[in-house]
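Notes follow once the structure below has been shown.
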Amino acid sequence: MSTPARQQYLRIKQQYPDAILFFRLGDFYETFDEDAKIVSSELDIVLTSREVRGKKIPMAGVPYHAAEGYIAKLIANGHKVAICDQIGEPDGKNLVERKVTRVLTPGTVDHPSLIEAQRNNYLMALCFSRGRVGLAFADVSTGDFYATEITGEDRLDKLRDEITRIQPSEVLVSEGPDKVHTSEEHVWMKQSGHPAQITVLESWKWKTDVARDSVLSLTDAQSLEAFGLDSMPVALKSAGALVQYISDTNPAALSTLRPPSTYFLSNFMPLDDRTRRNLELIESTRGDKSLSLLAVLDHTSTAMGARMLRNWINQPLISKESIENRLNRVQEFVAHSEARERIREALKQVSDLERLANRLVQKTITPRELRSLALSLEKIPELVQILQQCNMQLQVSIHNFQHIVDLILSALVDDPPAVRGSGTIIREGYSQELDRLRSASTNAKQWIASLERKEREATGIKNLRIGYNKVFGYYIEVTNSFKHLVPDRYIRKQTLVGAERFITPELKEYESLILNSQTEAETIEEQLLDELITRIAGEAGKIFSTARQIAEIDCYVSLAEAAVRHQYVRPIVSEDDVIEIKGGRHPVVELRASEGFVPNDAFLDQETHQVLILTGPNMAGKSTYLRQVALITLMAQIGSFVPADSARIGIVDRIFTRVGAQDDIASGQSTFMVEMTETAYILAHCTPKSLVILDEIGRGTSTYDGMAIAQAVVEYLHNNTRTRARTLFATHYHELTSLEEFLPRVKNFRMEVLEEGNDVVFLRKVVPGGADKSYGIHVAKLAGIPKSVIRRAQELLKELEAQLKKEEEDDNPQLTFLNPDDGLLQELADLDVESMTPVEALTKLFEIRQRAATKLLDLSNP
Ligand code: ADP
Ligand code: MG
């Protein structure tokens, strides 16, 4: 590298300090200095060096035509890559001009090899201001762009839920007032522990007037009113910063970015990350995607459909009308099996129109993708016809694209190359000029091919050969044994060990004919392709809206397919507060239950069945039942049919879950603390419209503590009008069943088991009434604990039971948890729960726990 080039490099690098600069030098992208060290170690590329003015500069390079894979890896490792290309042709004298044409970052990449087909790749911008959070996010590969504002005291909780729903791969925040990276949103993002890359943008990029201009530049509109952004000033700032960032990193993507559509969180059911994980919506708690609700429901045929369905599951609806709308459509496809089957077949041949349309507008679409665009659009009339045939009430105003299809198919060869410049693109008969050039080249090639025979005859050199190489072009080769026969008109070009190579003026003439017509043909092909793309790009808007509708149809068909395959029924959704399920099943567990799944009913309301306490031994099926009720409710609210004989779902505003007692080892919190934090969150946020699932709370501490807390929580939910949520409470503390006696809206249920001698058979049936004992030893046996240990445990249990009985006879009051004489209990009963804040309630619980523990200690050390 010469010194001027080095200076050019340093000048450009200075503008992109936080990106790895890929500097185009000939056929390579080179990186230097620190960048080179990173590239070399992360990509396993040899670190070399170059001397500039006697100084060794570390260097590592990748071939430019294979750069994509390397870039993908760097981005996956959390780096940004700035691509610096040559603009203008090198003339051998002056330094060729170079410019950064793109910066690749996790949130702005759109190349198919860098993103997943089945999910959106979102870039998000966050702005905290005046008690509001402005949130904007966009997927540059599809052009989707959304914005909203979050207000209220719990806005940070809601924001956290939105971030876990959207799963952005990169989040933009503002720089702090002192220009160091300490803006409030930056600090918050860091603390939230979300894996997204955080990128800090200068504060002027968040200014309102800059934002207004940026957003308006995406449309012809004169005002922001049309997008609802005029009433969301903070969301506008975020949207503006997001547009700024895209224009800095991937300017071509601006041409397909739609203006932001605003939405309101209040139109959807909020789902916190815990609930999403506890209910195993997208993957199981162990990370298995095939054991999720999504896997059971996803029978989509297109990538756009798959992305949309995933978004539906992550964002259930809460308005009866919008739920019914979806259910109606699903029902149509359930009823029309043949049409459904044909649509699925047709959709399987439709490629990712959303992303293709995007690449079309950005002119990055490849010849092969162009053809697959045509083949996909060609399927649309068939789709429309099937939909009409079965009289479906779908608002299908899908456009007719036959002219585009004809244009593409008549222009391109049947098997166009995956990248430009690597094979024939344009079909014969499309352009007269191209055809003429091609036949000129073919004729010349034929002439040369026939030359070998002609020259052999003319000279008598039997093994004369016509060859071609890149340096000399076409030549005539004569071995030394025939040297004496070479005629004068041959011009010597090259001498080899056993042969000599010659040319003739005539040969060179044909050669240049071939070369010229080939280059010319290639140029014309490129031109024709560009013209074609430009013409079709004008239709991209229509292709987008069609893609949207196809994705939606794909989702309805997918939900219908799942409904038919797994025998789901249409739920009746209502605005009252009753959940009534007959013969309900767990959509995921039922598919794995080798001995058949036992269906169960459920009834919850506000009058008599507000809190169901479900007792039963370990492994009896409590957790499955709880999740199944929650999942059926959630499925109904995304517009899906449900696994039941019948279901009436009074729409819930939110589902809260507190499941299992898993240690949150990663964050170093103890089980009990996690449990209590989560429980406090539920108590603070649930409403009479909510559904609360509490699975074994109080498990993370000693028995008495646990029971005390569990009981206090149930009382709180039961007695407080603000938190009177429909609640399912599973516990192995059978003592809690006594709550039914004094809390009118609490009802006991248990998992039915059958005892046969020392064996217990799980019937998996939920029946009224409480369990009267645990079956721990039985479970131990199932788990394979040695027989001798089991026998010993049974002996001990008998002894303990006998001892307990004796103590009861001795009337030892302290040992009975629900003794009315107990001061602790009295205090619990006297608590004015309604007027307590959740924090006060929690503090009280801790105090009670402390005293209970002391009391127990007193008991054991009299
Ligand atoms: P618990 O929470 O009471 O310990 P689980 O709900 O975890 O029990 O259920 C234990 C196992 O029992 C599950 O993994 C599942 O295989 C099976 N199971 C649960 N409910 C049913 C059912 N209704 N029908 C058939 N098998 C079930
Ligand atoms: Mg359980």
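Each residue, glycine too, has its Cβ placed from N, Cα and C.
Annotated by TrEMBL as coiled coil, the relevant range among 140-167, 336-363, 504-531, 644-671 is 336-363. Under the three-state DSSP scheme, M619 (ATP binding site) falls in the coil class. Mean pLDDT of the predicted structure over the coiled coil (336-363): 92. Highlighted here are the binding-site residues (P617, N618, M619, A620) whose C-beta falls below 6 Å from ligand 1: N618, M619, A620, in sequence order.
The ATP site is set by G616, P617, N618, M619, A620, G621, K622, S623; from the centre of their CB atoms, other residues of the chain with a CB within 8 Å are A730, H732, M751, F762. Taking a Cβ distance under 6 Å to any atom of ligand 2 as the criterion, the binding-site residues P617, N618, M619, G621 reduce to none. For G616 (ATP binding site), the same-chain residues 6+ apart in sequence whose C-beta sits under 8 angstroms from its C-beta are K622, A730, H732, R750, M751, E752, V753, A771.
Each of the binding-site residues M619, A620 was scored by how many other Cβ atoms lie within 10 Å of its Cβ, and the smallest score goes to M619.
Of the listed binding-site residues N618, S623, the Cβ environment within 10 Å is emptiest of other Cβ atoms at N618. With every protein chain in view, the residue among the binding-site residues P617, G621 whose Cβ has the most Cβ partners within 10 Å turns out to be G621.
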